[in-house]
Structures are given as C-alpha cells and as structure tokens.
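S.K.: According to TrEMBL, the protein carries these features:
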type	residues	note
REPEAT	45-77	repeat 'ANK'
REPEAT	144-176	repeat 'ANK'
REPEAT	216-248	repeat 'ANK'
REPEAT	567-599	repeat 'ANK'
REPEAT	599-631	repeat 'ANK'
REPEAT	631-659	repeat 'ANK'
REPEAT	663-695	repeat 'ANK'
REPEAT	695-727	repeat 'ANK'
REPEAT	730-762	repeat 'ANK'
REPEAT	765-797	repeat 'ANK'
REPEAT	800-832	repeat 'ANK'
REPEAT	835-867	repeat 'ANK'
C-alpha cells in the first residue's frame, strides 16, 4: 500500500531493502527494486544484498540487483575500517562464520548459473582474501583465502571448475601457503573421479611440479603417494612429473616417506623402482628412519618390502635407526621382527638397555624383555635414560610382577628414586618417587614383600613427607597399612603439612573396623585430634559411606576415647545434628555432658532446631536443662517457633502450673504470634495468663497483628482484654494493629466485643483507627467503626495525616466518601500541617473527577469555596489533570 502510494523506498537510515532481506522476504525485495530502491545507497555499494541473493540461490534477484547497480566485486584491502566491521557483522551471520567474496560464495554454494552471471559482470577470478585479513575480521574458517578455482576443486564442483577455467581463471594461481588446484585434486578421496579431474587440469596447463604450500605442503606426486593412489601416481609420473621435486621448506616430506605413510605396498614398490631407476639415493634422503616409519604402520608386508628392497640395493641401516625401529616394534607387538632386525641384539649398547627394557615393560613384551635380560650380564638397571623412568619403578607402576622380580634379582636397587614418567599421563614427570610408593598403589602385597625382601627401606618417607602407613591409608590399601604397622610403623604418624593422623585418615577413608582395631592395638592415640577433629567426634559427624557408626564409636569408647572431647562440637551434639538417636543414647550412657555448649549451642537446642521430637524428649528425660539458652531464646520458644506443637506440649508438661509463670506467658505470646491455634488452646487449658506481656505486647495484640481470627476469638473468650493499653513497640492497641494490617474480620470482631474505637491514637504517627481504615481503603472497617461511634472528623495527624474523608478522596472511593458525608464528615476540614491535602486537593491531585463533583456538591462553607478551588486547581495542574483544573478555576459558589 505504501509503495503504491509512492513512498520513498530509499528513505531513512534503516533502508527498507535491508529490512526485507533480513526477513528473507524475496517478494518484497523484488517489489522494492521495481519501485526504485537503489542498492548503491546501501553500505559497501549494496554488497550485502548480493550475498543475500546468492544465499537464496535466486539468479533473477542477482540480475535485478546488478542491473540496479549493486556491486558484485569486493576488494577488502581497500575497504575502510567501518566498512570492514559492517561486512564482518553481516557475513559472519549470512555465511556462518566465513568471509567470502561474492564469486567465492557462489562457488561455495554450487550456484553455477550465478557464477556465470558474476563473471559476465566482471567478477575478478584470480583473487583471494589474505589469511591475516580473515583472522583480523574474526573468521574462523579460511575458505576465503582460496581462489574460486581452488574452492570449486576442493568442493568437487567440476562444472564450475570448467566454467572458471573457460573464463580465464589462472590454473596455478594461489596464496603461497596454499596448495594449487592440481595438488588439491590429487588429494581428493574419490580416486576414480579425482583422476578424471587431474587429467582435465593437466590438459588445461596445470604445473605438475608446482611448488607446494609453504607450511607442510605436498607436490602433486607426493599428495598422490600419500593417498596411496597407485594409478594416479603412475599418471603423474607418465606426464613428466618429477619425483625429486622440492617439498615445502617447512615440515616438508620427500616422496618415499609419503608412500610409506599411505601403507600401500604397491605404491612403495613403485616409488622404489622409479626413484632407483632415476638415480635417486634412498638411504636416509631426508634424515628419516624409513625402517622405523615402515615398522610404525604395523603392516608386515610393507615392512618386508622395505627390508627386502634395502637388502637388494645393498643399503644398510645405521645402529641408531635399528635401535629406534626395535622400540617401535616393541610398541607394535612385532616381537618376531626384532631378532630379524638385530640378531643377537648386537645393536643395543649397554647405555641403551634401560630404555629398551622400559619399552618392553610399557608394552608388556615379556619375550623381548627376557631376551634383553639374558643378553646383558649385570646391566646398570638403575640408569634412567632421558625421557624414561627406571625399569624397576616402571614395572611396579605397570603392575608387571614377573618383570619387577627379575629386575630385583638382577640387582636393581629397591630404594632408587625415579622420575614418575608415565605415558598414560597419571603421574607428574618432574617428581621423584621410590618404587615402594608404586608398590602400595598396586594393592598387591607381593610387590611390597618383594621390595622388603630385597632390602627396601619400608619406613622411609614417601615423596619426602609421608610415612608409608599414611600413603597406604590415603589410597585405601588397608592390607599394606596393617603390614607396615606389623613392621613397626608409628601408629600416630602425622602428615607434616596437614595435621592428618593415621587414625584420623583411616576414619576419613572409612577404613574397615579391623583396620581401625589394628591401629588401636598397635597404640594409636584415640584422643589425638586431627584436621577432622578427635576420632570420636569424627565418627559422630558421619560419612555417606559410613554404615557402622555405632560399632566405630563403641570401639573408640572401649579404647578410652573421651566422650566429652570437643573441637567446637561434641560427639553428642553431632549425633543429635544427624538425628541419630541410637548414637546419642550410646554417648549419654557413656557419660556425655548433655548441657555442653559447642559453637554456642547445646544438644537440646540442636534437636529442637532440627525438629527432632524423639531426640529432644530423650535429652529432656536424660536431664537436659530447659532453662539454659545460648541464643537468648529458650528451648520452649524454639519449639514453638518451629511449629512443633508436640514437643512444645512435652516441654510445657515439665512445668506444673503455668498461671503466673514466665514460661507460660512467653509461650502463649509466641504461639499467638506464630498462629498456632492448637498450642494456644493447650496453654489456655493449662492456665496461661491471656493478658501477660512480653516486651509490652499481649497475646491478643500478637494475634490481631497476624490476623489470626480464631486465636483472637479464643483469647477473648478466655478473658483477654480488648482494650489493653497500646504496645510501646508497635504503639498500637489490638484494634489498631488489626486495622493497620487490614485484617477486617479481626477488627470487626474486636469492635463488636467492646474495643474502644477512639481511645488514644492507634498509631505512633497519630492516626485514628478510622483514618487508618480509610487510608487502607477498607470500606467494611470504616462503616463498622463509624456505626460504633468513631469520630468522623477527628483532626489529621501532623505529618502526612488526613481525615477519613480526605483519605477517601485521595483513594477515589466514592462509596466511602458518600458514607462519611452522610455521617457528618466535613469537606472543608484543613489539611495536615506537614505535607497534607484537603479532601478537594487530594481528589484534584489524583485526578478523581467524580470525587471533585461530589465534594463540591456537599461543601459546607460557601464563603471560602472559590479560594479553596483555586488552591486545589494548582494540585491538578501539577499532575496534568487539565479538565479538573479548569472546572475548579471556573467554579462559582452557588
């Protein structure tokens, strides 16, 4: 409709064309273009619209945009920073993290017809975006650094490849770090199709020996060899490809190594014959150990091919290469090959023995291990070569019992520390460890026995800090812990950095009762505290896995544990906190101090706080003092606060007569405050005083304030005074508290039962009950108070006060105002001294037009009405109530 009405389609900063594209509304985009929308007025000459059209695969729209003048080329190097940021924000959304030129994008999406149209419009073919620029623009995909031709080859868009080459795209043009189109084609997975594409590219003049990319690049022939594509390799060599062509300067690999990597015996044979026939030197051409490379493939046929060819050509492997190959063979489990590589193991020198043994241990190669141990007489088995641990440490770590035993029998030092080097990554390479630590970690007593038999110091500190006993307990190797105790380990051993005792650690790890008993039997101090507290406290605190708490405590108590020992909390308090009545009874029978205060709280206070009635009763029956309070709140008050009526009754039964009792008075007030009707009735039945005060607040005042109508009725029925003097804390009577908190039922009940409606102000600010009811807009309470004699025209409170009518006018309650006027309320009553409003001013300020008319019709002082209207008009104008202000300024007394 707007377009038909000739609205400008180029108007405004947020161009309609962009908005239509954002909403993917193709129909609207076309209509805007037909209506004259100019894409050249958009940022970067309308490039974002071209991207939109390409993304939609809409050739017609591309044509319309080009004809309308939209740019289809982009030269990022020439863009301003503002344009770069705009392009970045647009493309990272449209192209999902990529930044491409329009023709790159068309190639990427496979839109051949759009590629042709862009080429016709002059799209630059031999162009790419610099990788550094892509990085600067935040692109995490680097397709933009490829030319359109490279992209078409990479994505197997053969039809587009032909279109680009026919249009004159440079077949070998690329960024120096990237592969050529031909090199990319040689690396494609579909061998048959890739061969056809390679033949086509060669027919178009592709350089078969073009230099590879700068970092880790491959020539076309190297790429074909790496892929194991025998037919393609033959094709390239038949077309004049140079097998000795240079690889990339950085991370480059020669042809033979590429063939080995493919794992293709056919390719390796072919490359061998070709290189040899062309006079190539295969022996360590690039410093690569081809024997180890072949071994690493695990392909025995390939390995045989390499070895036989080397032998046929009269080439020899160096001892270093053979040694490296042996290590690879061990890792690959090719034990049979080792003796073929090195009969009699003559290449392995004394200084290499430990590293080879470690390889055998890592791979579990017992056969080679035995060969090595037989070959060398009294080798230095404690020598750790660079990158390796000592053989004994590794055998312990890997759990190779047979190998560990042979090493010890051959003279390995059982106390020799080793770097903790593990290929599984479970150790810290920079830390020295003794074999004993690894033996403990094995959970197999044979390892520790084996070390001890060969003279290992079983009392030496592990890692320089911990006794073996502590390490065993930490790792939950209880049999090892008992073994060390039997060999004289200190049962009270303590970690020097953490105050962790052996017994404390055993309890923390939930060691078995038999292990705990062993520690005690060997002399562990059952009262020695650790970071977890004393042993008894620690057990009482509990653990998710600890299912035998009673038995543990019995064990400790029998051994002399102090039942009242505390490190902030006693065992009894912890038992109560865990709601463990059985344990609490056990500790009480053992002499636990029931009234001990840990962290400022007694056991019975903990029981009440946890609402555990059973435990609280148990403690009371055991003699807990109900009158002590560490928090200023009695146990009874706590029980009532937690709405535990059953417990509260039980505690009250400990008091013979509640009449006149401070306990009874406090309990009744607390029950009323919390709304516990059942407990209120119980207390009244026990003779509690209904008019007793706590902080000068009666139970009735508490109940009225909370709106507990049933409790209010119950208290009044039992003689509670409805006119008790105002509470100093809240400065209000029971009626005042009910009105202030808008409890209608309670307020009406109190009035009906004789509450004085005008006796003293009901609030510290000087409001009457009637004024408060009007303030809170409670019509029912207002009518009840007025009908029971409340003064309708009581003066307002000094600060922000108001008469009942003034509040009704401010709130706009017409019914209340009419009722008050019918009962004598005066419209002309003055406002409060501080921040007050007359009824007319309040109605005008709050925009109450109907109220203004009502008040004007019922005003009782015509002599001053015009002046009062002018004052009220000012309040209306301040709040922009123009109609009311005009009525008031124009008002004339009747």
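Glycine residues also receive a Cβ, built from the backbone N, Cα and C atoms like all the rest.
Bear in mind that the values here come from a model prediction, so they are computed numbers and not experimental data.
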S.K.: May I ask for the residues of the chain that lie six or more residues beyond the repeat 'ANK' (835-867) and have a Cβ under 8 Å from a Cβ within it?
M.R.: 796, 799-803, 805-812, 814, 817-818, 821, 826-829, 873, 875-876, 878-879, 881, 883-885, 887-888, 891-894
S.K.: Between 0 and 100, where does the mean pLDDT of the repeat 'ANK' (144-176) sit?
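M.R.: 90, rounded to a whole number.
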S.K.: Over the span of the repeat 'ANK' (599-631), count residues by DSSP class, listing helix, strand and coil in order.
M.R.: 16 helix, 2 strand, 15 coil
S.K.: Pull the DSSP breakdown for the repeat 'ANK' (695-727) and write it out as helix, strand, coil residue counts.
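M.R.: Tallying H, G and I as helix, E and B as strand, the rest coil: 17 helix, 2 strand, 14 coil.
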S.K.: From the DSSP assignment alone, can you count helix, strand and coil residues within the repeat 'ANK' (800-832)?
M.R.: 17 helix, 0 strand, 16 coil
